[in-house]
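Q: If you scroll down you'll find the structure; I have some questions about it.
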Amino acid sequence: MRLNGEISEDIDDDDDKEEREEPEAEALMKACSIGDGGLFTLTQNLVVGYALTSKKKQSFLQPKLLSLARNKGIFFVAIDRSRPLSDQGPFDVVLHKVVITSIFLSFAPFWERDGNCQERNGARLSRFAQSKPMILISTGKHKMKTDYRLKHPEVTVLDPPYSIQHVYNRQSMLEDVPGINLPECYGRVGVPRQLVITKDPLSVPDEVNKAGLKLPLVAKPLIVDGTAKSHELFIAYDEFSLSNLEPPFVVQEFINHGGVLFKVYIIGETIKVVRRFSLPDVFNPELSKIAGVFRFPRVSSAAASAEDANLDPAVAGEVLFIYMNLACIAELPPTPLLERLAKELRHRLGLRLFNIDIIREHGTRDLYYVIDINYFPGK
């Protein structure tokens, strides 16, 4: 997404250039080491075939991870994208994340054989195929086809292409969250109100007013296609400035959250939570003084880590820090809440390797919002 008239250069992959060990790498090794409840039970050597972008390979397959994996009997083998997948292996696991380069009106075949999951996915397919293009994921010249899944049911695929497509579109990405029935004793979880803009940008102010969205508004590209551009973020302090953005994009109500978000990495039943600095709060008196739309960097990347903030020993489990002249308390969400939320999303999305971005509304202790879901996320 870009401002109208602006020329921007696509940058492949959503991983940061800086080489760091990714949080999901640590969680993946933990998940692989677990018998009951984990992704795999390691009784012998396990071969992971991978098809990753060059940057993802560089950031994910760090020497430390590869050494630890070998010690546990796990071996990573590159998939040759110029050859059919069925001619390679044998693999115990297929791990993939590639930049999406094609958008089709047709739909990639089902990989999931589970009846309930297929019925649910089929209903989604019927709904989405009528109104929007679908993304077909490919590892290169040879698309990962249904016949491989059918011929090799013993292979764990992380993750089925259809399930991934669901979170590559921000219109459908969060739709499963409101329907999750979570015990309120640990907190409430929702999603920001949002509006999808696909038409003439000049109509955006009227559409925002009709939807009753409150300022300020966050604008994000509609499609998350694995490029840096798809993670661009804009803040609009008036609805008219949104006309300067090029559709398609999603507009969400901005929720004050103390300048901190929580990235919850999910691999099977294993979760890992890290804090990230985010956008500062905006209060009503400020809205009357600011107008326009502003681009923000990728604020929740590893470079924006809030893990090193000074701990306040007087407040158990809380971090007190100063960010952009605002005092924020970033207490982690309750573990039972995150475990239940992760379990429900795994079931509903059909994903086992993903992360969710969560914020806590400023001034509350138990009101949370899921603002993004990412498959095989970066740092």
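Cβ atoms here come from the backbone N, Cα and C positions, even for glycine.
Straight out of TrEMBL:
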{"type": "REGION", "residues": "1-21", "note": "region 'Disordered'"}
{"type": "COMPBIAS", "residues": "7-21", "note": "compositional bias 'Acidic residues'"}
{"type": "DOMAIN", "residues": "47-164", "note": "domain 'Inositol-tetrakisphosphate 1-kinase N-terminal'"}
{"type": "BINDING", "residues": "Lys56, Lys97, His231, Lys263, Asn374, Gly378", "note": "1D-myo-inositol 1,3,4-trisphosphate binding site"}
{"type": "BINDING", "residues": "Arg170, Lys220, 252-263, Ser278", "note": "ATP binding site"}
{"type": "DOMAIN", "residues": "186-378", "note": "domain 'Inositol 1,3,4-trisphosphate 5/6-kinase ATP-grasp'"}
{"type": "BINDING", "residues": "Asp357, Asp372", "note": "Mg(2+) 1 binding site"}
{"type": "BINDING", "residues": "Asp372, Asn374", "note": "Mg(2+) 2 binding site"}
Q: Measuring Cα to Cα, how many angstrom lie between Asp372 (Mg(2+) 1 binding site) and Arg170 (ATP binding site)?
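A: Cα to Cα, Asp372 (Mg(2+) 1 binding site) and Arg170 (ATP binding site) are separated by 8 Å.
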Q: Counting other CB atoms within 10 A of each CB, which of the binding-site residues Gln252, Asn256 comes out lowest?
A: Asn256
Q: Among the binding-site residues listed here (Lys56, Lys97, Lys263, Asn374, Gly378), which has the Cα closest to the Cα of Asn256 (ATP binding site)?
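A: Comparing Cα positions, the closest of these binding-site residues turns out to be Lys263.
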Q: Work through the binding-site residues one by one (Lys56, His231, Asp357, Asn374, Gly378) and name whichever has its CA nearest to the CA of Phe262 (ATP binding site).
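A: Nearest in space to Phe262 (ATP binding site), counting only the binding-site residues, is Asp357.
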Q: Which of the binding-site residues Phe254, Gly258, Val260 has its Cα closest in space to the Cα of Lys56 (1D-myo-inositol 1,3,4-trisphosphate binding site)?
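A: Result for Lys56 (1D-myo-inositol 1,3,4-trisphosphate binding site): the nearest of the binding-site residues is Val260.
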Q: Rounded to a whole angstrom, what is the C-alpha distance between Gly378 (1D-myo-inositol 1,3,4-trisphosphate binding site) and Asp357 (Mg(2+) 1 binding site)?
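A: Cα of Gly378 (1D-myo-inositol 1,3,4-trisphosphate binding site) to Cα of Asp357 (Mg(2+) 1 binding site) measures 12 Å after rounding.
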Q: Pop the mean pLDDT for the domain 'Inositol-tetrakisphosphate 1-kinase N-terminal' (47-164) in here, whole number is fine.
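A: A mean pLDDT of 69 is what the model gives the domain 'Inositol-tetrakisphosphate 1-kinase N-terminal' (47-164).
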Q: Tell me, which binding-site residues from Lys97, Lys263, Asp357, Asn374 are within 10 Å of Phe254 (ATP binding site) if we use the C-alpha atoms?
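A: Near Phe254 (ATP binding site) by Cα: none of them.
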Q: Return the count of C-beta atoms lying within 10 angstroms of the C-beta of Gly258 (ATP binding site), excluding that atom itself.
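A: There are 21 of them.
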Q: Which has the fewest other Cβ atoms within 10 Å: Asp357, Asp372, the binding-site residues listed?
A: Asp357
Q: Once the chains shown are all counted, how many other Cβ atoms turn up within 10 Å of the Cβ of Val260 (ATP binding site)?
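A: Neighbour count, Cβ to Cβ under the 10 Å cut-off: 24.
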Q: Highest Cβ count within 10 Å among the binding-site residues Lys97, Arg170: which residue is it?
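A: Of Lys97, Arg170, the one with the most crowded Cβ is Lys97.
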Q: Return the member of Lys97, Lys263, Asp357, Asn374 nearest to Arg170 (ATP binding site) in space, with distance defined Cα to Cα and candidates limited to these binding-site residues.
A: Asn374
